[in-house]
Amino acid sequence: MVSSSPVSPSKETDRKSGEKWTAEDPSRPAKWWYSTFHTVTAMIGAGVLSLPYAMAYLGWGPGTFVLAMTWGLTLNTMWQMVQLHECVPGTRFDRYIDLGRYAFGPKLGPWIVLPQQLIVQVGCNIVYMVTGGKCLKQFVEITCSTCTPVRQSYWILGFGGVHFILSQLPNFNSVAGVSLAAAVMSLCYSTIAWGGSIAHGRVPDVSYDYKATNPGDFTFRVFNALGQISFAFAGHAVALEIQATMPSTPERPSKVPMWQGVIGAYVVNAVCYFPVALICYWAFGQDVDDNVLMNLQRPAWLIAAANLMVVVHVIGSYQVFAMPVFDLLERMMVNKFGFKHGVVLRFFTRTIYVAFTLFIGVSFPFFGDLLGFFGGFGFAPTSFFLPSIMWLIIKKPRRFSVTWFVNWISIIVGVFIMLASTIGGLRNIIADSSTYSFYA
């Protein structure tokens, strides 16, 4: 919802029907470090553990270049999102869809922005269901080797059960503690991943050649690797919603604390991503797993702790990505269908949504391939070219200026990643589905 000051009577009515974290609430108590750990929680997740696997298909030079280029381009587009939040004096675009309406028009904007944002948010929630269950299973198997093995689908169900409870937290600010814990865990398990790889050392006869597959399969796997890298930069889809929790005054607009938080988040991002991608690939080469923790076996207690940290982190990540979806669903039920806003509506809409993502996650546990598919189809638009397109429309930089060129580079790279990794991810899901048992 677009917020402005003063608030009109119609907007005041809408505000009273909304959650406390939504745009119209005058209380915006978040500090700059809130945006740091919210952004870290949204951005650093399951994707960091698949970066060495992407390196195995891209190689040292191209892989490092793609990772560095992606980091730089998405930092620039994140800066654009922060600046565009209050690009109209007296108005705050508190949601991605609000900015889309302003840039593309009230009719076209939602059709361009909302599907992409929902793909990111719902896609992340599905992937995090799979990741949480998979790592929870790994944790128990390491700590209790004599326990009776339990099917992975049951662990995913157990992980999903946590979200039936946490999803009832009313607003973004109420999940701040969960998000902070998740951000700390991401830094910890990333350190364990690259630190454990150093302690493990290089495997005998390590090879840095491209993974041995037929030419057609290799091409699709490279496409999927691009999607896995783009998945690692998914925070843009909730950037405006995070900034909406920041106070703003003429002397200190919200873009100041938000940008401070983003810089902090990207520093943490670099500290996590580059060591994991490069060191873990150095240790295992083309034999690295799509979840690098699977390659580490010793010390057992440390690997078990890392898996548990991943579980805690994706619990927080799920909530960060789900909260805007909850807001959208509840507003739709109130405004379009006349439901009364309250605890009952919150319980049913959020429970149904969690059950939906849980069902899809249990049915399609293709962790690595899901990363590539959703990474290209959803994250490339929201993180690469949609911010750049909106910047060109709203700010209208001089043609052939540095800003103009940087935006067009982001657009071209983003479109290529979207097409390539979506094709590669879908093809790999189809190919690998024969090796999995549904509800395994």
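Cβ atoms are placed via backbone N, Cα and C, with glycine included.
For 1-10, the entry in Swiss-Prot reads compositional bias 'Polar residues'. The region 'Disordered' annotation in Swiss-Prot covers 1-25. What Swiss-Prot records for 11-25 is compositional bias 'Basic and acidic residues'. Per Swiss-Prot, transmembrane segment is recorded for 32-51, 62-82, 110-130, 153-173, 175-195, 222-242, 262-282, 301-321, 354-374, 375-395, 400-420.
The transmembrane segment (175-195) shares the most Cβ pairs under 8 Å with 301-321, out of the stretches 62-82, 110-130, 262-282, 301-321. Counting C-beta pairs under 8 angstroms (sequence separation of 6 or more), the transmembrane segment (262-282) reaches the transmembrane segment (32-51) with 3 or more such pairs. A contact between the transmembrane segment (301-321) and the transmembrane segment (62-82) is absent, since fewer than 3 of their C-beta pairs, 6 or more residues apart, lie under 8 Å. Most Cβ pairs under 8 Å to the transmembrane segment (62-82), among the stretches 110-130, 222-242, 375-395, 400-420, belong to 222-242.
Outside the transmembrane segment (375-395), and at least 6 residues removed from its termini, the chain residues within Cβ reach (under 8 Å) are 47, 73-74, 77-78, 80-81, 84, 87, 96, 99-100, 102-104, 112-113, 116-117, 119-120, 123, 223, 226-231, 233-237, 403-404, 406-408, 410-411, 413-415, 417-425.
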